[in-house]
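Report on the following structure.
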């Protein structure tokens, strides 16, 4: 055991010379069972629509284009497809899920339902939406979109109540009052059905203030009732504001079943699209790469707010996004982050990805996978190391055996050489 302190000292010296195995700022995977959701920065098919035709607009290495592990669409995002007519059917499956999208719905787009609305509320909606997506994709393998069929027995049609620029809200649908309704005080219902998935993410939205019509103010009131279980989900507007009047959305995770959408005032809303969650898996944190513009455009931090441990690891560049194709496409820092998809890594943590599973100078926080056993270098000036004792002891024994073998061999050759000299 006299070798053990020496071995620890040698280990510390090695660590002080640079063998730290530090966490790296990349997204990666432990094996080939992974999937990436993205936008133009990982959309390999977008090359046919751009000039010049080259892959420098992507942050993704083109080697991965034929992997079959990417669902990306230029100009879109999962949130944008979920709520608006500008739709792309994001679909993918994997044990390890990576997200690099969200920039196509930011304060730069300035969406709000009406002139007196508030884009801040839509940024809040975005954060709440991605929180549900990230949490659930840590326990589900498969994500896709499904249409939600509904039946409304009245004659009124759905109306595009919320639109701004090229964005038109169609989820949830808004059904206007019947022609014979004297005002907005009325009860109305519609049936909708969820089937074919393990669970669904659906929107439940209400206006956050008072709606003025014909000198009267109305409060929003929306409910979903599960007719199979008797569970009711509902919201009533309680705010008195009349400016900044916009749509607050909550994102429910619901099982399959028959539902009733109910409104007691203002307008009836009913979901038309849902995130379909399928195939339960062992808990595996998702990885999210910050999705933002160059500083010349306004971005938000909602994906960072939504991505919290233990269900999510967030990766970001420390510098401004500056692309080589154009200012918003082909940034070196984000290309470096996505380069981790080219190889397997044994360990993931809040701090980053560890390339090796032996020792490290950093304790992995919220670890996943086969992670290093080293704990910490407690003093930056004096390399005082704390290691998991088992591998240290085993390595010490191996080192001791090696030293004994070397000593025996040296003695053997010394004795053999002495014998030869004596014989001479």
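Cβ atoms are placed via backbone N, Cα and C, with glycine included.
The secondary structure of residue 40 (active site, nucleophile), as reduced to three states from DSSP, is helical. Less than 8 angstroms from the CB of residue 40 (active site, nucleophile) sit 46, 57, 58, 72, 73, 74, 75, 329, each of them six or more residues away in the same chain. According to Swiss-Prot, the feature active site, nucleophile maps to 40, an assignment based on sequence analysis.
The active site, charge relay system annotation in Swiss-Prot covers 326 (among others) and is backed by sequence analysis. All protein chains included, residue 326 (active site, charge relay system) registers 11 other Cβ atoms within 10 Å of its own Cβ. When secondary structure is read from DSSP and collapsed to three states, residue 326 (active site, charge relay system) falls in the strand class.
Residues or ranges marked as active site, charge relay system by Swiss-Prot on the basis of sequence analysis: 329 (among others). A simple way to gauge crowding: the CB of residue 329 (active site, charge relay system) has 19 other CB atoms within 10 angstroms, across all the protein chains here.
According to Swiss-Prot, the feature disulfide bond maps to 44-65 (among others), an assignment based on sequence analysis. When other Cβ atoms within 10 Å of the Cβ of residue 44 (disulfide bond) are tallied across all protein chains shown, the result is 16.
Feature annotation from Swiss-Prot assigns disulfide bond to 113-162 (among others); the stated evidence is sequence analysis. Summarising the environment of residue 162 (disulfide bond), the number of other Cβ atoms within 10 Å of its Cβ, over all protein chains shown, is 23.
Residues or ranges marked as disulfide bond by Swiss-Prot on the basis of sequence analysis: 197-276 (among others). In the three-state DSSP reading, residue 276 (disulfide bond) counts as strand.
Residues or ranges marked as disulfide bond in Swiss-Prot (evidence: sequence analysis): 205-249 (among others). Residue environment of residue 205 (disulfide bond) contains 23 other Cβ atoms, counted within 10 Å of its Cβ in all protein chains. In the three-state DSSP scheme, residue 205 (disulfide bond) falls into the strand class.
In sequence order, 134, 135, 138, 285, 286, 287, 288, 306 are the residues near residue 312 (disulfide bond), counting only same-chain partners six or more apart with C-beta under 8 A. Taken residue by residue with DSSP, residue 312 (disulfide bond) is part of a strand. Annotation source Swiss-Prot lists disulfide bond at 307-312 (among others).
As annotated by Swiss-Prot, disulfide bond applies to 347-371 (among others). The number of other Cβ atoms within 10 Å of the Cβ belonging to residue 347 (disulfide bond), over all protein chains shown, comes to 22.
Positions annotated as region 'Esterase domain 1' by Swiss-Prot: 7-127. Helix first, then strand, then coil: DSSP counts for the region 'Esterase domain 1' (7-127) stand at 42 helix, 18 strand, 61 coil.
According to Swiss-Prot, the topological domain 'Intravirion' annotation covers 414-424.
With all protein chains in the displayed structure included, the most crowded Cβ environment within 10 Å among the disulfide-bonded residues 113, 276, 307 is that of 307. Taking the Cβ of residue 249 (disulfide bond) as reference, residues of its chain lying under 8 Å away and at least six apart in sequence are, in sequence order, 83, 125, 128, 129, 203, 204, 205. In sequence order, 346, 347, 349, 354, 357, 364 are the residues near residue 371 (disulfide bond), counting only same-chain partners six or more apart with C-beta under 8 A. Of all the recorded positions in the list 44, 65, 197, 276, 326, the shortest Cα-Cα distance to residue 162 (disulfide bond) is found for 276. Counted over every protein chain shown, other Cβ atoms within 10 Å are most numerous around 197 among the disulfide-bonded residues 65, 197.
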